[in-house]
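Asks: Copying in the features that Swiss-Prot gives for the protein in this structure:
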type     : residues      : note
BINDING  : HIS83, HIS182 : heme b b562 binding site
BINDING  : HIS97, HIS196 : heme b b566 binding site
BINDING  : HIS201        : ubiquinone binding site
TRANSMEM : 33-53         : transmembrane segment
TRANSMEM : 77-98         : transmembrane segment
TRANSMEM : 113-133       : transmembrane segment
TRANSMEM : 178-198       : transmembrane segment
TRANSMEM : 226-246       : transmembrane segment
TRANSMEM : 288-308       : transmembrane segment
TRANSMEM : 320-340       : transmembrane segment
TRANSMEM : 347-367       : transmembrane segment
Amino acid sequence: MANLRKTHPLLKIANDALVDLPTPSNISAWWNFGSLLGLCLISQILTGLFLAMHYTSDISTAFSSVAHICRDVNYGWLIRNLHANGASFFFICLYLHIARGLYYGSYLYKETWNIGVVLFLLVMMTAFVGYVLPWGQMSFWGATVITNLLSAVPYVGNSLVQWIWGGFSVDNATLTRFFAFHFLFPFVVAGATMIHLLFLHETGSNNPVGLNSDADKIPFHPYFSYKDLLGFIIMLTALTMLALFYPNLLGDPDNFTPANPMVTPPHIKPEWYFLFAYAILRSIPNKLGGVLALLSSILVLMVVPILHTSKQRGLTFRPASQLLFWILVADMLVLTWIGGMPVEHPYIIIGQVASVLYFSLFLVLNPLVGWLENKMMNW
């Protein structure tokens with residue numbers, strides 16, 4: 001009699017994705033981040049659910065309800081710290097996962113890659129609306145500044161902003177709908193993740209050498225299930241340590257002050273994981289131009305597969321392209337630093353140079369160097 005996990009309609013799906021999935025034998029730890037992102041999502045949904053049981057989405061009580069969670073709810077402080085810092089780990093894993101895809105040419109699985117970019121945008125939206133909920137100073141002013149960017153849309157801009165606000169300023173209606181969105185989006189992300197996996201399993205995983213690995217596949221379980229488990233333990237340990245020892249390390253001190261529409265904080269800035277995009281937004285001295293650059297900084301990922309010129313898939317055997325990849329990593333770090341700095345000399349020009357370099361790497365330098373490498377190898 002055939003094994004139940006191979007015949008039962010529901011178990012068969014899980015079996016084909018987690019047990020009998022043929023996996024390239026040589027995938028490295030860089031392939032762990034997909035499952036780590038799944039773990040982050042589950043962790044965020046669970047901690048978020050418990051926070052939602054005690055949170056009130058009303059401007060008069062939102063801030064004090066968060067304080068109440070931290071002071072009076074059993075282990076509320078822990079749940080909140082895990083949720084807030086879990087978001088940071090979510091983005092760390094996301095950036096590493098995307099970097100792996102760029103380095104090893106995983107973007108050539110176009111459907112999987114494009115759904116991944118959509119997932120990235122969804123997670124960014126979720127994090128943004130979630131940041132507004134505690135109704136601290138930076139929550140309020142962050143919401144005001146970022147939603148205001150929509151007013152740059154020609155003709156319908158102002159109407160669009162007021163429609164999203166539910167009034168003439170960020171107010172109670174805004175907070176209520178942002179809470180509704182923040183509750184809904186993670187489930188949309190979970191659904192999109194299933195589609196992401198569906199397309200990935202149509203082709204199978206890529207591998208570090210970028211060659212067809214059909215001749216050398218091994219079952220996912222037990223080999224990679226245990227390898228993933230090690231990643232889980234490392235990440236959960238790091239998250240727990242951050243949440244217990246340095247819970248406010250990555251937060252903004254302004255969020256310990258309740259939102260006050262009458263007082264603008266000296267430096268409005270988002271959480272660290274949005275700083276690179278914020279730096280690109282600020283580097284263009286025009287509202288609409290900045291908004292377009294902000295959108296393009298993420299959507300540029302969608303054109304990477306189209307601009308792939310090399311005859312090889314990954315960068316494993318392409319030193320010149322490797323150099324460009326690490327320049328991109330350094331550029332992202334510079335942009336992240338600039339995003340947290342005030343708008344003054346020399347930060348303005350550094351941000352502008354870094355922004356130009358960011359787009360040049362994706363749109364010009366990488367395709368050009370890929371083509372040059374082909375020429376050098378007489379391909």
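Note: Cβ is positioned from N, Cα and C throughout, glycine not excepted.
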Asks: State, in range form, which of 77-98, 113-133, 178-198, 226-246, 347-367 has the highest count of Cβ pairs under 8 Å to the transmembrane segment (320-340).
Replies: 347-367
Asks: Under 8 Å, at least 3 Cβ pairs, sequence separation 6 or more: does that hold for the transmembrane segment (33-53) versus the transmembrane segment (347-367)?
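Replies: The transmembrane segment (347-367) and the transmembrane segment (33-53): touching, no.
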Asks: For HIS97 (heme b b566 binding site), identify the closest of the binding-site residues HIS83, HIS182, HIS201, judging by Cα separation.
Replies: HIS201
Asks: Where among 77-98, 178-198, 226-246, 288-308, 347-367 do we find the most Cβ pairs under 8 Å to the transmembrane segment (113-133)?
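Replies: Selected stretch: 178-198, with the most Cβ pairs under 8 Å.
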Asks: May I ask which residues of the same chain, at least 6 positions away in sequence, place their Cβ under 8 angstroms from the Cβ of HIS201 (ubiquinone binding site)?
Replies: ASP16, ALA17, LEU21
Asks: Going through 77-98, 178-198, 226-246, 347-367 one by one, which has the most CB pairs that fall under 8 Å from the transmembrane segment (288-308)?
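Replies: Against the transmembrane segment (288-308), the leading stretch is 347-367.
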Asks: Within the same chain, where does the transmembrane segment (178-198) have neighbours whose Cβ lies under 8 angstroms from its own Cβ atoms, ignoring anything closer than 6 residues to its ends? I mean 6 or more beyond.
Replies: 17, 37-38, 41, 44-45, 48, 52, 55, 57, 112, 115-116, 118-119, 122-123, 125-126, 129-130, 132-133, 143
Asks: Between HIS182 (heme b b562 binding site) and HIS196 (heme b b566 binding site), what C-alpha distance do you get in Å?
Replies: 21
Asks: Can you name the residues of this chain that are 6 or more positions from HIS83 (heme b b562 binding site) yet have a C-beta less than 8 Å from its C-beta?
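Replies: Sequence-distant Cβ neighbours: GLN44, THR47, GLY48, LEU51.
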Asks: State the count of C-beta atoms found within 10 angstroms of the C-beta of HIS97 (heme b b566 binding site), not counting that atom itself.
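Replies: That number is 20.
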